[in-house]
Each structure stands twice: as C-alpha cells, then as structure tokens.
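Working notes, structure below.
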Amino acid sequence: MLCFGVCKPLSPLCRGALRIRTWIRNHTATARLDLSGIYPPISTPFTIKEDVDYKRLEENLQKYSKIPFKGLVVQGSNGEYPYLTEEERVEVVTMVRRSLPKEKLLIAGSGCESTRATVQLTERMAAGGADAVLVVTPSFYRGKMSSRALIHHFTKVADSSPVPVVLYSVPANTGLELPLDAVVELCQHPNILGLKDSGGDITRIGLIVHKTKRQDFQVLAGSAGFLMAAYCVGAVGGVCALANVLGPELCELERLCKSGCWEEARLLQQRLIEPNAAVTRTLGVPALKQAMEWFGFNGGPCRSPLQPLTEAETEQLRRGFSTNGWL
C-alpha cells in the first residue's frame with residue numbers, strides 16, 4: 001500500500017538555503033572579485049548626428065589606461081544608458097572589453113525595468129566580456145517597489161547571472177532608495193558582491209557596512225563628493241563621475257585614505273566637492289562632458305533630450321573647477 005505524507009510549505013529560511021545551494025551547484029566556484037579601488041562610470045561619446053562615436057570612445061579608453069583605476073563602469077548613469085538601445089548598450093560593453101587590459105575590471109550596467117529584461121541583458125553583458133554587472137533599482141512603478149519586490153527582483157537576476165551582481169541605489173535618478181533591510185537580505189546571496197550607493201548618506205553607508213560585515217559584501221561610494229567619508233566608515237572604493245575628469249586625483253585620494261594620511265586626504269577632498277557637485281546633481285551629464293573637453297578627453301554632445309549647457313551654466317561649471325585650483 002502506498003503512503004502519502006503531507007508536504008508542508010518551506011519556510012523563508014529554508015527556501016533561502018535551498019536557493020543558495022542550488023546556485024552553488026549550478027555555478028563553477030571562482031575566486032570572489034575584489035572591487036576595491038576607483039572606477040570612472042565612463043560617458044558615451046556621440047557624433048553630431050547622435051550616433052555612438054566608437055573612435056572617440058577608443059581615444060578616451062587609451063587615456064584612461066594610463067590612470068591607475070581598478071576598472072571601468074560601462075553603461076551606468078553617466079553613460080546615458082536610458083537613451084541607448086539594448087544593442088548599443090551591449091556593443092559599447094563589447095568594444096570596451098576588447099580595448100581594456102585584462103587585469104582591469106569591467107562592470108557593465110544591465111538594469112532594466114522588468115526582471116525578465118534585466119536577466120536577459122545581464123546574460124548578454126556577461127557574454128560581451130563584463131566581469132560583473134551593476135543593476136539599478138527598477139523605479140517606473142516606484143510606489144510598488146517594496147523591499148519584497150526588490151528582493152525578488154535582485155534575487156532572480158543574481159540566480160541566473162553568469163557573473164557577480166553589484167546592487168545600485170541612485171535615488172537622485174530613480175526617486176527610490178534601496179531599503180536597508182533589502183540590502184541586508186540580498187547580501188547573503190553568493191552571487192551578489194556589493195553595492196554602489198549614490199545617495200550620499202554616510203550614516204546609511206556606515207550602517208550597511210556594519211550590518212553586512214559577516215558577509216564578504218563590498219560597498220562602493222557613488223560619488224567623489226563623499227569618497228573620503230565613505231572610506232572612513234568602511235567603503236572599499238568609489239564609482240565617481242568626476243574620475244572621468246580628475247582620475248589621477250581621485251586615485252590619489254584613495255591612496256591617502258588607505259594609507260591613513262587623513263590630513264592630506266581632507267585637503268584634497270575639500271577641493272573636489274564643488275567640481276563634483278557641478279558635474280553631478282547641479283548640472284549633470286552635459287556638464288561632465290563639457291569638463292571632459294577642458295581636460296583633454298572626448299566629451300562631446302549628449303543624446304536628446306539632454307541639452308548642451310547654456311553660457312551661464314558653462315560659466316558656473318568653470319567657476320566650480322577654477323576656484324578650487326583645477327583650471
């Protein structure tokens with residue numbers, strides 16, 4: 001006689017353990033990536049007709065190769081990824097990987113609004129040569145993006161991703177901050193490597209480092225304006241727009257912080273605050289591209305609907321750099 005038992009639903013804890021065991025079984029064990037260091041989230045050069053200008057991108061890459069960056073972030077917010085097609089996003093990443101020295105990390109932005117699209121683009125970015133992917137919080141339906149929804153989203157992406165996942169919280173662009181409880185839950189996933197936090201709340205960054213210290217979870221500052229403070233509370237590096245312009249100076253700030261030269265670090269950090277604000281929250285990507293032109297890089301036009309700076313904005317940007325001794 002056959003006997004049938006009653007199957008009880010798995011508890012959330014058991015489901016999590018089963019998911020982790022399944023992921024480990026399905027993935028080849030590799031050394032966990034060390035994210036520590038400085039990364040410029042590189043811009044995407046365009047022609048006058050707004051086509052991706054791969055020649056000018058290659059010229060920028062050659063100049064960046066002479067700066068001691070840990071790697072590059074490609075197709076992040078400063079790469080104007082919302083305005084690129086999926087094919088363009090993948091092609092830019094593939095092209096950068098061909099040019100980038102093997103020892104440099106390539107972190108590719110693969111975030112989309114739906115989980116399904118993010119999973120698919122993540123797989124394509126990995127095939128294109130990305131060492132890790134940067135996945136921004138979906139935000140179009142931000143009112144429904146609860147911790148439960150975001151944990152589900154990032155877990156599904158990490159479960160299927162061939163490369164490690166870095167969470168990306170950028171409330172200035174998305175209107176949504178990745179909740180602390182979601183980060184603490186997600187950091188336990190073996191394929192979620194860390195977090196880029198662009199919110200600028202140092203108490204939050206310090207708390208995230210503290211709450212995730214039992215995991216090998218790495219936090220990156222998302223802006224040069226609070227890089228020193230982030231190092232003070234346990235961040236391992238930074239993804240900083242200003243590194244597109246003042247790359248050697250950002251790498252020097254990293255060196256000073258890691259070697260404990262806090263007085264020198266403080267003086268350098270103070271000189272970076274105003275130019276960083278100008279190319280990020282104040283004037284944005286058009287200002288970053290204009291500043292790149294001043295410092296010998298290919299910035300060029302943005303893709304519409306982003307507009308060039310006005311004369312007044314250009315002068316405001318120039319003051320941000322000149323009054324701090326950079327121009």
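Quick reminder: no glycine exception, Cβ is built from N, Cα and C everywhere.
The active site, proton donor/acceptor annotation in TrEMBL covers Tyr168.
Residues near Lys196 (active site, schiff-base intermediate with substrate) in space but far in sequence (CB under 8 A, at least 6 apart, same chain), listed by position: Leu134, Val166, Leu167, Tyr168, Ser169, Val170, Leu220, Gly222, Val239. Per TrEMBL, the feature active site, schiff-base intermediate with substrate maps to Lys196.
According to TrEMBL, the pyruvate binding site annotation covers Val239. Cβ contacts within 10 Å of Val239 (pyruvate binding site), excluding its own Cβ and spanning all protein chains shown: 30.
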When a 10 Å sphere is centred on the Cβ of Tyr168 (active site, proton donor/acceptor), how many other Cβ atoms does it contain?
28
